[in-house]
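The structure under discussion appears below in the form of structure tokens.
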Amino acid sequence: MANNEEHPPRGNEWEVVSLTSSAYAAAPGPYNVESRDVRKYDAYYGAETSRDLYMSEHFVFPPSEHENLPIDESLFVAEQRKDGRDLMLEGQGLSDQFHYEAGNNQQSIYGESALGSSRHMESFGSESAVYEHGLVDAEGNLDLHSDGEGEKDVKKSTHNLPCEAWWKRRAISMYSRTREANAIWSLFFAAAVTGLVVLGQRWQQERWQVLQLKWQSSISSEKLGRVLEPLSRLKDVIVRSNPQASLVRSGSSSEV
């Protein structure tokens, strides 16, 4: 009530105040600091006054101020509840662009909320992926560190072993190496034996071939001897039957 008494309503001030182009073009006065209640009051009733002035068509608003006029939310809600809200808006001198801009504002609000939720989900997913990646890296580093420590522990244990255990370890390693060497030597020995067997078989084959040649040559010489033996006998018989001819031949041969 105190606020209403101190500041009377300004809804009908335009009826008594004559606005001219020179007064409208004049520069605004100095900025006065007002209280919070006064600002709310001025914003509400100033919006109503400006709307009434605009409806009265006393003057034309500049484009910049026409676009930034405050909107009376109570009037807008009341008119939306009516069936002919578009007609009412047109009757008051407001264009359809007002309704279109309001719808766009609502859509932008929902779009921003959806975008914010999607961004929130994306950021949450990226943070979870980064967290999981960090866990995997940490586990890998722990595994590598544990492997390095295990190798160091094995080396220390080998250096700190007592003499008997060290000798047993060396004996086992030598036995494993000898087994590997024995396997290699066994393969080498088997290859050598197979080579000797092959060479022996070839030598036997060649020996049999030589024996066959000798036997064939002996057989041929025996056959030749058998053929020549009767001829030699025939010659002896002829010589014995003609002793003079043999003497003449012997004499002629001596003279020569």
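Cβ from N, Cα, C; glycine included.
Features reported for this protein in Swiss-Prot:
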type: MOTIF; residues: 14-17; note: motif 'AIM (Atg8-family-interacting motif)'
type: MOTIF; residues: 208-211; note: motif 'AIM (Atg8-family-interacting motif)'
type: TRANSMEM; residues: 181-200; note: transmembrane segment
For the motif 'AIM (Atg8-family-interacting motif)' (208-211), the mean pLDDT of the predicted model: 87
The motif 'AIM (Atg8-family-interacting motif)' (208-211): DSSP-derived helix, strand, coil residue counts: 4 helix, 0 strand, 0 coil
